[in-house]
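What follows is a single structure, written as structure tokens, with notes after it.
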Amino acid sequence: MAQPHTDHTKIQNHHDNHADSHLSHLPETTSQRQQASTAKQSLENDDHLPEHLPEKLAHQHDDALLQEPEETVLYLAYGSNLNSKTFLGRRGIKPLSQINVIVPELRLTFDMPGLPYLEPCFAATLFRDPSHKHESSAEDSPLIAHDDDDDAYNPNKPLVGVAYEVTLTDYARIIATEGGGSGYKDVVVDCHPFAEPYSPNDPIPTIPTTPSFKAHTLLSPSNSTTASRAKSPARSRPISRPELGYAQPSARYLGLIVNGAAEHDLPTSYRRYLAGLPPYRATTLRQKIGRVVFTAVWAPLFLPMLFLKQVFAGPDGRSPAWLVCYERLVLPSMWWSYDHVFFRIFGDGERSVEKVD
């Protein structure tokens, strides 16, 4: 009976290795394609692209009959989609080209709520505050002072990511696998390629000098700044935690991002920052019991929702109204139960604590 499991493992490993190989051989997005994204009528400049996807995909079907090439769009990835095993493997995306970029108007956060005690949060982005002059007090701490302190990455510095060129069909799939349009918000941002010759050991510029191009990305809808600048509305009100930056990602999820950053040879300072982030761990007996009980109660309601979002995603990648209603019922109820019941009985399900029991 062990043989089928072994065969499945071999097949999965082969699939993952194929994804790694495909990603490493992707061509770099050309300067012509980057420049095309800045045109007024480009897909990258369409602030309402998710709403226009059904119509565009219908036209694309007609073009396919005439053997016209499929339209593509530039998509900025920054979280687990950096990892080929997630992006190409589990999500089945087939990018046509890619390029590493700096995004001065965004910063990396981990404030997209997940499942307490198990996957407390996921990566997201927020607009950087241009008036925020002091980037980080951590760099001034004598406890971590190094010769290259000025080059150290901190969460207030510009976002680092990868811009993929994907087909519209794959872009709809990305939306479907990233919440079905009911969590993150689609926005258009300016991306800057790294200057040539590139070295991962070079500091990350706060104000890049390379020409920018446009790309779509998914933004955390956690604050008013996001809401005012994101022109493409989410279809349901997302869950927002009271203290941004409090929750810690799981070791599993953080590992996907760390490995993805290494795959793309992103700057060393950025990879060092990611590797130094403390993951959430259930360290106390109460937390460990809480993880079991919370998962037993809510996973049967939470996990099928993620599966159904992909199964019933529309042509635009977004969830149908009945599934959005289900999500509006489940997620607030789940987090209410955590805040008012589970947290008080079993302790913190978002952040590790020192073991005291």
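From the backbone N, Cα and C atoms, a Cβ is placed for every residue, glycine too.
Binding of substrate is attributed by TrEMBL to Tyr75, Leu76, Ala77, Tyr78, Gly79, Ser80, and within the candidate set Tyr253, Tyr270, Tyr273, Tyr280 the record adds Tyr253 to that site. The distance from the Cα of Ala77 (substrate binding site) to the Cα of Glu178 (active site, proton acceptor) comes to 11 Å. As a summary of secondary structure, the compositional bias 'Polar residues' (27-42) carries 6 helix, 1 strand, 9 coil according to DSSP.
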